[in-house]
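Input: a single structure, listed below in structure tokens.
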């Protein structure tokens, strides 16, 4: 046995040996970063708030030698003998604070990226000192103030992206000096004043995106002098009374012209001389006169001239356009015949479709055949020809299933599940090959089409060839149209089997860095059809945690570390077991201290009204999240049925990769949900935020979803009184979200599968949260009465006005609930075999046969109640938002119908809720009626049984 004295005698010389190695390696360390840039980086960090500690390794060591997060350096020293920072990539790190003027001291910088953070304040003029800068990427922040004149003196700038901020003031005339700039993205700000005519002299510009600003004055004819301009996008500005210059018809390279809602007047210019024009949107202006007769390019996919004051007839040149996807001439004063050749002569394959929107004009007839193929949609509502009963199918309201708004891969397989975070690779030669993908959020900022499906295969080839990957390494998980229109995508890239000698299931480090660098450096070539893209996020799963290693706490450079390793080889030979044991015991004590601190931190987290569960508690409740306990899956993640130690049965929502939030955002959402209490909302019982997991614990609903209870043939199907009770409860829950939650919440995804039923068949609305808050005015100047965002709805339930306005309101929830009411009335699904429930029931109502659509499984009910119920449902589903009732009116009318129900039906409903579930206390029918009605919906009944913890707004 070694005594303490013997151990000390061994440790002392060993300590001196290690110190010698450290000092020796320090003198032999690598080249260091320019001291001016080191000081600048430290000041830059001090000006930022870093709540998730992404920049924690900026405290130690040398930026270039110690792998500082987001810092990329040149590979060798420059003429001053120092290393220099070449890129500062701090995108999507949840940073806030201000941009420091010290950025101007990074004199050799080529890429400056703070995209998708929460940076406030103004843009430092000192950035204009970085003459080497090629990419200035500040989009997706909260920056304000004017654009500095100094930015116009960056001679090497290729791309300037300051979109989606709060920038105001004019465009500096100095921008006319940006002779190398190709991409000019300033959209979604509050930039005002005249577009400088001097910009027309820029020789390299290919994309001008200035939409959603406050620009005014006139449209400079000089813009037509740009020799390489491909995209001109100026939507939603205020060029009061100005006309579109005829010279814009001479933009020979132009692919897309979008001047929607710009207060433009005068005639539509003749654009027939633009050989490759693919997208034209001049809608929502005050253009007048007739549509030019010149034939547009065969490349055209979209023509939108709706909401103007155009007169005359549809020109014959709109027929025979081989790539046309959308023609919208709605809300004009056009007349005459509609040439059916527009859609009859369009050759369509199985992936292609065409939409022709001619609503609200003066068309009197259709020339040619009026029959439609399955992938052709024609809207004629509001024209004189709709008086012809044979055209009723073309004159109904718009429904969203006619428009391609998104897609998700099914990814079905006969293989057993991959262990998280691995997924089945799409590699064709290796079935059931599990691999860890790279997750990329990607957005096309100005696509040249209206329907993505026909171009999906072409896009997949474009992106994989640009990244030098095989086509099968990409899975386009889903895509969604956003306001703009812009196209958001969720991409997954998989490694090739056997490509990584150490681990076939993941990309090697160099490949991850290469792919990431291609995206962050905008090194994927532009494709005319897809337009400019932007990187929304690049997510690395935990298995890739070593790809971008953090600096060691010691702050030693790579050379120093190498010296220590080499010098320590000899020491390792003499290291005894007792010393190893001592070191291990010290480490164990250190780990225990860290674990205690973590437990203490979590234990101190208290949110009133909900419990903070440990990961172990929820794993135990679900048999370690056994697949046998899974009861559902949604956009947030998988849902498990669990039994807590107390015996309480709960539903546990476990966030999947892509749904995880920052800790602050997650806890903010928990705090909001904990304050929502109503008997018709699913109650949040607790949460878990540890072990890299985020989970929500809800009360368990024994009778599942309303969708299940309508579609499944129960021994005793739900009768009308029970369905009416469910409808009333659902409406009250939604009304609470609209009027009593603080801030108010628009649900945005009301559907039968989001209405759950407890043991007594009480309806409880589920799946609401922070992502659905009624908004305050944002950077686009949108009013606080609606949400403008990625559509969250479900086909069949989504407000049709969304496809015109890209806005969701409280009336959008009314529309969705109306669809649910129609489901309750008919037993049908929203969309079945291409038939839309709203359209079908409207047709039946107009023909006087509404009662023929009643679900035959229900017992007889007074016709008066059924007709009032159906009429209310159809009012909720009116195409025009203003024509729909408010949610408060819906509740009142449902209560009136409930009062009209015979006592025998109400009593039977009470009995049904008893016999179909666990025994509970009885109540007579009069009590049942009183319990579910209250003519003053703003009073006690709305919040009866509700803890008054949310103050009215």
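Using the three backbone atoms N, Cα and C, a Cβ is placed for every residue, glycine included.
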> Ranges 543-563, 564-584, 585-605, 606-626: which does Swiss-Prot label transmembrane segment?
Replying inline: 564-584
> Looking at 317, 924, which is the one Swiss-Prot tags with N-linked glycosylation site?
Replying inline: 317
> Which of the listed residues, 67, 703, has Swiss-Prot annotated as N-linked glycosylation site?
Replying inline: 67
> If you measure residue 537 (N-linked glycosylation site) to residue 179 (N-linked glycosylation site) at Cα, how many Å is it?
Replying inline: 30
> In terms of DSSP three-state secondary structure, what is the assignment for residue 250 (N-linked glycosylation site)?
Replying inline: helix
> Along the repeat 'LRR 4' (156-177), what average pLDDT does this model show?
Replying inline: 96
> Between residue 317 (N-linked glycosylation site) and residue 188 (N-linked glycosylation site), how far is it from one CA atom to the other, in Å?
Replying inline: 35
>> Quick check: of the glycosylation sites listed here (67, 250, 349, 375), which one has the Cα closest to that of residue 365 (N-linked glycosylation site)?
In response: 375
>> Considering Cα atoms only, can you say which of 67, 179, 214, 349, 375 is the nearest neighbour of residue 508 (N-linked glycosylation site) among these glycosylation sites?
In response: 67
>> Measuring Cα to Cα, how many Å separate residue 188 (N-linked glycosylation site) from residue 375 (N-linked glycosylation site)?
In response: 34
> CA-CA, which of the glycosylation sites 67, 179, 214, 250, 349 lies nearest residue 375 (N-linked glycosylation site)?
Replying inline: 349
> Quick one: Cα separation, residue 349 (N-linked glycosylation site) versus residue 250 (N-linked glycosylation site), in Å?
Replying inline: 33
